[in-house]
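Asker: Below, the features straight out of TrEMBL:
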type   : residues : note
DOMAIN : 29-172   : domain 'Peptidoglycan recognition protein family'
DOMAIN : 40-178   : domain 'N-acetylmuramoyl-L-alanine amidase'
SIGNAL : 1-21     : signal peptide
């Protein structure tokens, strides 16, 4: 079965609750695992001390993707740029959100990201929306996927119950996560400047 077909099948089975293992019964929406989107092997070794207190939201500032096939290609492109072009140990984010409404596993819950610098990386989960959100907002399904991921993090014990959401620009000198997405996350109940 081709990767896009496998991804679509996996997504449908996950949404229907079929094929999930016992440990998957947390309030998590579908998270596309690395093996399903064709990730390169990670060379990262730095672990996070869970649960973390912070979540840093960014955007990739690239073209958006709105189907599982296009998002799978996009997350592969991001990883290729980070790991092969830049020489980093893996994609820098813990998770990536597609406009298809799915969450793509980057470094995951346990591995420290490289998204926000040496002060914030050891104490945060990095979530990046795939697209550029300076002039437009992500679709509702992508925003719902992010909210589901945050609830999942709390349920899994990866995020503290009193976690704080920060915009990438709150912790670094950057325009990320884009003006429109930044306006939205400022309305989230866990957002703290």
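Each residue, glycine too, has its Cβ placed from N, Cα and C.
TrEMBL entries are annotated by machine, without manual review.
The shown structure was predicted, so the numbers you read here are calculated from the model rather than taken from an experiment.
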Asker: Report the mean pLDDT of the predicted model across the domain 'Peptidoglycan recognition protein family' (29-172), rounded to a whole number.
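Answerer: Looking only at the domain 'Peptidoglycan recognition protein family' (29-172), pLDDT averages out to 97.
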Asker: Using DSSP, what's the helix, strand and coil tally for the domain 'N-acetylmuramoyl-L-alanine amidase' (40-178)?
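Answerer: Split by secondary structure, the domain 'N-acetylmuramoyl-L-alanine amidase' (40-178) comes out as 42 helix, 31 strand, 66 coil.
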